[in-house]
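**Student:** The feature domain 'Jacalin-type lectin' is assigned by TrEMBL to 1-138, 152-295, 299-443, 449-591, 595-737, 741-883.
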Amino acid sequence: MVGVIYEQISKATMSWDDGTHAKVKKVHITYDDVIYSVQVTYGTALQVQTPRRGSVGPMSAEFTLESDEYITALSGYALSTQDVVTSLTFTTNKKTYGPYGNKFGYQISVLEKTGKQIAGFRGKKGKILNSVDVHYAPIPTGTSGLETSSGAQKLHVGGLAGGTAWDDGSDHDGVTNIYVGWNLDGIQYVMFGYVKDGQPKQGGHHGSTNGYKGEIVINDPGEHLVSVEGWYDSTNFILGIQFKTNGHKIYDSMGFKFNGDTDTKFTLQVQDKKIIGIHGFASDHLNSIGAYFVPLPSTTTLPIVPPEKVGAVWDDGAYGKVKKVFIGLGQDGITSVKFEYKNGSKVVKGVEHGTPTLLGFEKFTLQLGSDEYITAYSAYVEKLATQNVVTSLTFTTNKKNYGPYGNKSGFEIFVPEETGKQIAGFHGISGNVLNTLGGYYAPIPMPPTKKLDAEGGTGGTAWDDGSDHDGVTKIYVRTGAAGVQYVKFDYVKDGQPKQETRHGVDGSRGLTREIVINYPDEHLVSVEGWYDSSNIILGIQFKTNKKTSDYLGFESDGTGTEFTLQVQNKIIGFHGFSSNHLHSIGAYFVPLPSTTSLPIVPSKKLGAVWDDHTHDKVKKVFVGLGQDGIASVKFVYIDGSYRVYGVERGKPTLLGFEEFTLGSYEYITALSAYTKTLSTQDVVTSLTFTTNKKTYGPYGNKSGLLFSFPEETGKQIAGFHGTSDSVLNSIEVHYAPIPAVQKLDAQGSTGGTEWDDGSDHDGVTNICLGFNWLGIRQVMFSYVKDEETKQGSQHGLKDRRGQTIDIVINHPDEYLVSVEGWYDSSNTIMGIKFETNQKIHDYMGLMNASGTKFSLQVQDKKIVGFHGFSTAFLHSVGAYFAPLSSTTTTPIVTPKELEAKGGESES
């Protein structure tokens, strides 16, 4: 696992301060060659988890201090040139934790002080930890918390200051009910029900009433409240709150979900004690909350492994069709479903399965009396706490997709489409949430048989084999000199053969042909033929879903009239007109039937979703090869002057990595992959990367289905996302424009008025430069764009007594690649020289003496424009660089400006 290494450290930092607390309880740190972040949990019974300071790094470590263990000293290393903490080591009164990171740079340390602990941290952070300092506090010598007259331990409130104090007291035996209200600003109120000597006792209403409401009932005599957890930010309100009882039952959090980057978390919990009362501060919202604890009864035991909760089995049965679907969305997934069915002309309203939530129902409707049917559905199931929860549902009909409803997390279960079938009923398991969902298949009601009128000539006597068949099994055709003499068809009905009569006459001279159709795998789909003024069908051809017969009789010569019998279904019967020849023929069509039984589909394992997001470009690719395909991938990106090391996606194997590195101006432009299903999961078996310069791969073995992300004009693949577990399950891409022009900041001294010739040129064709013994007086450039000359403005003042030199550049064979110069304390560029791909020109002005030298150059790029600052002299000059290419085009996007480096060169 690796993460981001900053080759140049960002100067955008922010100060942070956790304040001083009772003690440090836990430290979570992320790192590789530098420290990315620290996140500290403080306190003993009342625990406060502060926001993460920095960003998530590729490696992490965590340690928890014992109740009588305190951090007494801190040491580490930092870079001498930038504010970057590279390593940290924590020392307690019992042991040492670390070092974390890489010990390089200069050493930093916070020394141990007699009788003192480190009880808080502060510092600066950006994307990494820039600095760290500490708060000292005395090491406590007694117990924490306050004892009430009843012997209950009172924990101070968790949350922020503000609001009016409230206190339900501690004279209770336990908590029986919890009422919570919240809105978009956070927790609005709390109210608690208690029990004392077997009698209920209602606590006060703390806060204001408006918004969503939730209730928790603790009605089992052996169940009691053991902890309260909440979180807040700078709004001074508790944003979210969660309660836990002794049965390892953790109730859904109410309010906002915890955000580790911005929120501070607190916990009210005392080992081997239960909560019997609550107190805190509230205004129109809940500002803070505390609790009273008493020891657990000696007979109370805690289960080591929570039992898995199983909901109630339910079964709606199967109906004519599904008319409506109602889906109840909860915080962790689907809390309930309800279905409305149609049975003939009767509407059947199903029972709600699960428990409704304050988030209400999200619903869609299948139109009554329409021809829309649910044909498939997919669900994601995840084990949360002690039960399976359906987290997402997606329904597919013969017209469109509905959903997904909920969040896709966990394992995917897919109930596939079955030809000619609909899902006409549901069954499953539910308790307070939807645990599982199954379905019933039933035939889609068949529309009336479609009859196509007879095609051909006029005349003859009508005949009709009818439409009461399942399919055609054999065709007999006799042809003679005048055309088709007769046709005869064999059919099947309910598995029994059925023969019809001959239509026409068996002439004395002719040829009889037979066409066998292998029902039920093969079926007839169309008939083609033609006739002329004789009103007799001269030639005929039959087509099945698997083959096309020869033309029987005469092939059409274009002199007659052609016809076709075909719709998007299958032929089950014929009719027409005949005499001693066949004059015309028509057909009966029905939709394709379903004879396939419902397959048993194993649950499809879903890997973890990952996303590297979009960067400036991909620098390096690692592909881990496994026995069955791609085991893992890992990417290194470039973001401005930073190099970003992505996390490994998948799991490494003993076969190791294949890898390749892209050049500075090489970009991945396309990706192709193969994927197949092995056991219960999809596996990417092969990857091939295409850049604007070459192809890398294939890596792995090409097996399964091919999918690709093609090249898009002017675009690169600048990031990847997908799913992975023990292997790479899927991979997708983020496109971004290929940078066309790079702007180097003006180099030289300060002062002057800014000028800019722009970057919309194909190259530089002429440089006119004037100078005297005081320095460069003026410069003017000529450019070319689409073979048209473009004259730039004069920058500076022309000196009649000075010297003027013109440099001619033979575009397109010759192009400018660099500029070199120097300046001194006069704030004027004293001398300058230009270099093309073919020659280096002499210094113009004065040769470098005792001033500051600068250079403008980017490898594998050419200069297409200039900018800078000037007055009567040239103070500074910068340039626009474009990739070397015979097809250099106008930039697709606005040129990207790089950070000013004040006299340094960019590369």
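Glycine too: its Cβ is placed from the backbone N, Cα and C atoms.
Here the structure is a predicted model, which means the values were calculated and not measured.
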**Student:** For the domain 'Jacalin-type lectin' (595-737), what does DSSP give as the number of helix, strand and coil residues?
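**Tutor:** With helix first, then strand, then coil, the domain 'Jacalin-type lectin' (595-737) has 0 helix, 88 strand, 55 coil.
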**Student:** On the 0 to 100 pLDDT scale, where does the domain 'Jacalin-type lectin' (449-591) sit on average?
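**Tutor:** That stretch averages a pLDDT of 91.
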**Student:** When the domain 'Jacalin-type lectin' (1-138) is classified with DSSP, how many of its residues are helical, how many are strand and how many are coil?
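**Tutor:** In the domain 'Jacalin-type lectin' (1-138), the DSSP-based counts are 0 helix, 82 strand, 56 coil.
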**Student:** For the domain 'Jacalin-type lectin' (152-295), DSSP counts of helix, strand and coil?
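**Tutor:** Secondary-structure breakdown of the domain 'Jacalin-type lectin' (152-295): 0 helix, 92 strand, 52 coil.
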